[in-house]
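These notes are about the structure you will find just below.
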Amino acid sequence: MNFKVLYQDNNARCGVFNFNQEIIETPVFMPVGTYGAVKSISTEEIKNTGSRIILSNAFHLYFRPGLEIIKLHGNLHNFMNWSGPILTDSGGFQVFSLSRFCKVNEEGVIFQNHIDGKKTFLTPKISMKIQSDLGSNIVMIFDQCIEYNQNWEKTKNAMERSLYWAKKSRIYFDSYKNKNSLFGIIHGGIYPSLRDISLQELIKIDFDGYALGGLAVGEPKIEMYKLLDHICPQIPKNKPRYLMGVGKPEDLIEGVRRGVDMFDCVIPTRNARNGHLFVTNGVIKIRNKKYKKDLSCLDNTCVCYTCRYYSRSYLHHLDACNEILGARLNTIHNLHYYQTLMSNIRNSIKNNTFEQFSVNFYKQKNKIDF
């Protein structure tokens, strides 16, 4: 993977990834396909929303369907029929958030897996092997995630352990001699001084990109933005910056404003399944009875499949009947909205009009009552 920044408007950056001749423009939003599927839609439909790179979760795929099944197909790309790049999360977050029993030592984590309750040992070495077997284009280091608002000492200990695992991840990743990329993850909770130490040590190890972990886990938005203001300027300018698990449309705007290049989040797909649909002026809650006889499309500025062929009335009906088609059409629309937003952001950076674009974005938002 090669990465190059081509345009800059203040701190906002527009660049390109080159994955073996496949070009991905940044800033980029990655739909989440945890189990090798973006819920309710096919890979062809994912591509038609404008999505070119997706995220899957190595932790979940390790347990279901298991590496043996995926390797029968060659790799995860073949298994799910996706020709574009895939970033895999190592599973650190899931280990610490899903497990009923979790014991951490220097080598890794012993936990009860959420499938059958069996004790499982996961280490940087195992995580790198899993992601290598999946054929991930971007591999994330194995890290220790902690809850928001932990005290300084607990946060420092977790950050230092993540650094130790980062070094191990680098060694084991390099041993596979593949041409894929490895990203480090900056930790340190809400403490800027710990974030500084984490980043500087990760830079010494030398990763292909740097992710900001442990954000959007309960902290006030202003706190997240302040941390981005603090840490993004310190990340090497020639390396991509990835804000993990974020965000809402306004988070994408504010992340890009601070120099972030990559995002992922379940919000567009999860909200779609719950009938919350993103449009130019805000959010439509399609299950509200006011849409029962509304013959208009979701958003007359949108050219997605859903907006071209279906009315709000029909989408309201599908939601009321719990029809699977409703989730599918809603997901297509929300992902198309996100990818259109990212495309517009990129164009504004290229034209040095990002600030005006963001002003217009907030002006349009919530102009009418949904």
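Glycine too: its Cβ is placed from the backbone N, Cα and C atoms.
Source: prediction; values computed, not measured.
Annotated active site, proton acceptor per Swiss-Prot: Asp89, in sequence order. DSSP classifies Asp89 (active site, proton acceptor) as strand under the three-state reduction. Taking the Cβ of Asp89 (active site, proton acceptor) as reference, residues of its chain lying under 8 Å away and at least six apart in sequence are, in sequence order, Leu55, Ser56, Asn57, Ala58, Phe59, Met140, Met244.
In the three-state DSSP scheme, Asp264 (active site, nucleophile) falls into the strand class. Cβ neighbour count for Asp264 (active site, nucleophile): 22 (other Cβ atoms within 10 Å of its Cβ, all protein chains included). According to Swiss-Prot, the active site, nucleophile annotation covers Asp264, on the basis of sequence analysis.
Here Swiss-Prot flags Asp89, Ser90, Gly91, Gly92, Phe93, Asp143, Gly214 as substrate binding site.
Residues or ranges marked as Zn(2+) binding site by Swiss-Prot on the basis of sequence analysis: Cys302, Cys304, Cys307, His333. If you take the C-beta of Cys307 (Zn(2+) binding site) and look for same-chain residues 6 or more apart in sequence within under 8 angstroms, you find Cys297, Leu298, Asp299, Asn300, His333. When secondary structure is read from DSSP and collapsed to three states, Cys307 (Zn(2+) binding site) falls in the helix class.
The residues of the region 'RNA binding' (245-251), classed with DSSP into helix (H, G, I), strand (E, B) and coil, number 3 helix, 1 strand, 3 coil. Summarising the annotation, Swiss-Prot assigns region 'RNA binding' to 245-251 (among others) and lists sequence analysis as the type of evidence.
Secondary structure by DSSP for the region 'RNA binding' (269-273): 5 helix, 0 strand, 0 coil. Among the features that Swiss-Prot reports, region 'RNA binding' is placed at 269-273 (among others), with the record citing sequence analysis.
The two recorded residues, Gly92 (substrate binding site) and Cys302 (Zn(2+) binding site), have Cα atoms 37 Å apart. Closest by Cα distance to Asp143 (substrate binding site), from the recorded positions Asp264, Cys302, Cys304, is Asp264.
On a Cα basis, Asp264 (active site, nucleophile) lies 20 Å away from Cys304 (Zn(2+) binding site).
Non-local neighbourhood of Phe93 (substrate binding site): Cys145, Gly213, Gly245, each in the same chain, at least six residues away, with C-beta under 8 Å from its C-beta. Cβ neighbours within 10 Å of Cys302 (Zn(2+) binding site), excluding its own Cβ and spanning all shown chains: 19.
Calculated from their C-alpha atoms, the gap between Gly214 (substrate binding site) and Cys302 (Zn(2+) binding site) amounts to 34 Å.
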